[in-house]
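Undergrad: Take a look at the following structure, please.
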Amino acid sequence: MNSSSLFGIWLSVPLILSWVTPQVSSSWWYMRAVGSSRVMCDNVPGLVSRQRQLCHRHPEVMRSIGLGVAEWTAECQHQFRQHRWNCHTLDRDHNLFGKVLLRSSREAAFVYAISSAGVVFAITRACSQGELKSCSCDPKKKGTSKDSKGTFDWGGCSDNIDYGIKFARAFVDAKERKGKDARALMNLHNNRAGRKAVKRFLKQECKCHGVSGSCTLRTCWLAMADFRKTGDYLWKKYNGAIQVVMNQDGTGFTVANKRFKKPTKNDLVYFENSPDYCIRDRDAGSLGTAGRVCNLTSRGMDSCEVMCCGRGYDTSRVTRMTKCECKFHWCCAVRCQDCLEVVDVHTCKAPKSPDWVAPT
C-alpha cells in the first residue's frame, strides 16, 4: 500500500468517528415541557454550563424561548406535512425528535436552522412587546433618515433583531462550540443560516401624517415578517441543501460533489443521505408511513404511490362537518351553514413482513 493510500485512510478515521458519535442533542428544545425558570434551568438535561448560566441570568428570556419552541416545531411540521418524515416530535424525549436527527441529514440541517431562527424570532418579538428587562425596541432607530420615497422619521417600535440574534447565538451555539467534530461544525453553520433567514425578511413599515391623508410626514419602523416567510425560505434551502465533507485540516467544509457550488452562509449543509423513512426503524428514529393519509390524485410527495412506498393503501369512507351555503350579509359578515360531507380517506398500508424492503 502506498503512502497516499495510507494518508487517505488516516484522514478518514476522525471523520468516521465524528459521525458515529455526533453532537446532536439540542436539549434546550425540551424547554417547552418544563415549568418555572429555576426548575427549567436545573432540570433540562444536557444543557452546558454556558447555557445554564444564561438561563439563570435571564429567566424571562428562557420563557420566551420555551414558548417559541411550539411555534417553530409547528412551522417544521407545516413544511414537512406532505413528506414521509413529517417532523414528528416526541414529548418525552429530551431532544424532542428522538433518534431521527442522529444522522447528519438534510432533515437535521433544516431542524437546526428553523430552531435557531425560532429563537431569534421569539426573543425579538418579546423585546418589542416589553416582556424582557434586558431589551426593548431597537435603540439605533432614532432621528431622521431617507429612503427611495424621501425623508422620514424613525418612530414606533422597531424590532430589535440584533439583540435577538446576539442572544440566540450565545445560547443556541454554546453546546456546539464545545465540540470540534464535523457534526458540531455542521450544526453551527445551519444555526447561523437560520438566524440570517429571520433578518432577511425584516421590512420597513411606515405611516403617513398630514392633512386629508397627505404624506407630508412619514414615521417608519422595522418589523419582522410573519414566521411563515422564514419557514418557506428555509424550506427552499432544504430542497437545495448542499452535501459536504470536511476539508483536510478539519476546520471547514468542501462540497462532496465538485460539480456543485461551494455553500454560502445562507445555504444549508449536510453530510449523510437521508433514509427513506418508509418503515418503522427505532435505530434510525423513523416512524414509517403506515397509517399516514395520502393523496390519491397527487403526483407529489404526498401521493399514495410515494407516501406509501409502493405498499398500497386502504380506503375508508368518513363523514365530516364542513361549512357550506355561505352568504355575505351587509355589513360585514359571512354566514355559513354546517353540512355533513362524506369523503374517501386513503391511508398507507403497513409492511407485509418485518423484513420487507421498500422498492423506492
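Backbone N, Cα and C atoms are what each Cβ position is placed from, and that goes for glycine too.
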Undergrad: Let me make sure I read this right: Swiss-Prot says Cys324 forms a disulphide bond with another cysteine. Which one, out of Cys304, Cys308, Cys339?
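TA: Recorded partner, per Swiss-Prot: Cys339.
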Undergrad: What is the disulfide partner of Cys137 among Cys87, Cys127, Cys157, as given in Swiss-Prot?
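TA: When Swiss-Prot is consulted, Cys137 turns out to be bridged to Cys157.
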Undergrad: Pick from Cys206, Cys215: which cysteine does Swiss-Prot list as forming a disulfide with Cys208?
TA: Cys215
Undergrad: Which chain-mates of Asn295 (N-linked glycosylation site) that are at least 6 residues away have a CB under 8 A from its CB, listed by sequence?
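TA: Those within reach of Asn295 (N-linked glycosylation site), by Cβ under 8 Å and sequence separation of 6 or more, are Gln82, Asp302, Ser303, Cys304, Met307, His346.
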Undergrad: Within 10 Å of Cys220 (disulfide bond), Cα to Cα, which of the disulfide-bonded residues Cys137, Cys157, Cys208, Cys294, Cys336, Cys348 are there?
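TA: The disulfide-bonded residues close to Cys220 (disulfide bond) (Cα within 10 Å), listed in sequence order, are Cys157, Cys208.
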Undergrad: Rank aside, I only need the closest one: which of the disulfide-bonded residues Cys127, Cys309, Cys331 has its C-alpha nearest to that of Ser212 (O-palmitoleoyl serine)?
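TA: Result: the closest of the disulfide-bonded residues to Ser212 (O-palmitoleoyl serine) is Cys331.
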Undergrad: Can you tell which of Cys206, Cys220, Cys308 has the least company, meaning the fewest other C-beta atoms within 10 angstroms of its C-beta, among these disulfide-bonded residues?
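TA: Looking at the disulfide-bonded residues Cys206, Cys220, Cys308, the Cβ with the fewest others within 10 Å is that of Cys206.
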Undergrad: Return the count of C-beta atoms lying within 10 angstroms of the C-beta of Ser212 (O-palmitoleoyl serine), excluding that atom itself.
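TA: The answer is 4.
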Undergrad: Go through Cys127, Cys157, Cys215, our disulfide-bonded residues, and report the one whose Cβ sees the most other Cβ atoms within 10 Å.
TA: Cys127
Undergrad: Write down the Cα-Cα distance for Cys294 (disulfide bond) and Cys135 (disulfide bond), rounded and given in Å.
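TA: Cα-Cα, rounded: 46 Å.
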